[in-house]
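What Swiss-Prot says about this protein:
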DOMAIN    8-176  domain 'Era-type G'
REGION    16-23  region 'G1'
BINDING   16-23, 63-67, 125-128  GTP binding site
REGION    42-46  region 'G2'
REGION    63-66  region 'G3'
REGION    125-128  region 'G4'
DOMAIN    199-283  domain 'KH type-2'
Amino acid sequence: MTQTVPYRCGRIAVIGRPNVGKSTLTNALVGTKISIVSNRPQTTRHRLLGIATFPEGQIVLVDTPGLHREQKHPMNRLMNRTARGSLEDVDAALLVTESTHWNEEDTLAYNLLNDTGIPVVLVINKIDRFKDKSALLPLLTHINENHTFATIHPVSALKRKGLETLVSDLLALLPEGDPMFSEDEITDRSQRFLASELVREQVMRQLGEELPYATTVEIEYFTENTGLFRIGALIWVERESQKAIVIGKGGARLKEIGVKARQQMERLFQTKVFLETWVRVRKDWSNNEAALKTFGYE
């Protein structure tokens, strides 16, 4: 008699310091890009659910902003609050760090998770940086001597290495139950939100070190017609000088932002996209909690 394996479903928070690859890991587990990524810290600013569905179960990943000690800036406070709030009503947590080192912000995240009493799985990301995996031994020794985890997984989210065992262990931590979302759903966020994030991703990528910290994107309009989405995106900065940086000489940089963002949207939405972009100034919006909330910061 064949024994049926019970279906499992639950929520898992993805926690860690900035720039360790939390969103890349979420995208890899979901199987498609739903969270934007860049080399800049604090790329992720909002909570987002990534829905990873497998024959054995469904993992609902709660991708979060990076935890950090600096909380003087209102935007940082709100992002820390969002990350901490993601621990409500989850069945387990993924603590993501990187293969090169463990620092004080990793300890901050560990202590936060340890206080919840939920199972915590450690993911050591970016192992593709090492040809000789024995180079990880000092870090693993330090972690094992000072911290306790349900399981530890060295992975490369970018190269999709080590994910099968991780998925198996995550499913084992979840309760038995029916899926929360249908099989074809990949996130709880709207296409409008995803469009704004894809524009912001390109702002970060195209500006690099010139990027003003206080840059955000608001969708002015989003209309769906058969075979075509029409989208208007406002890129907000705090100074006229920052506006000039985003636009670039003769509008070249803004044009490149629009072209690359449109290509990403067409790939995600599976339809043609007409995208317009503008840059506007709202002085000191990132220091005003009321203004932050109008831009969707929770």
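Heads up, the Cβ atoms here are built off N, Cα and C, so glycines get one too.
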Secondary structure tally of the region 'G3' (63-66) (DSSP, helix then strand then coil): 0 helix, 1 strand, 3 coil
Segment confidence, the region 'G2' (42-46), expressed as mean pLDDT: 68
Packing count at N19 (GTP binding site) (other Cβ atoms within 10 Å of its Cβ): 18
Fewest other Cβ within 10 angstroms of its own Cβ, chosen from the binding-site residues K22, T64, I127: I127
Other CB atoms, at most 10 A from the CB of G16 (GTP binding site): 27
Per DSSP, three-state class assigned to N19 (GTP binding site): coil
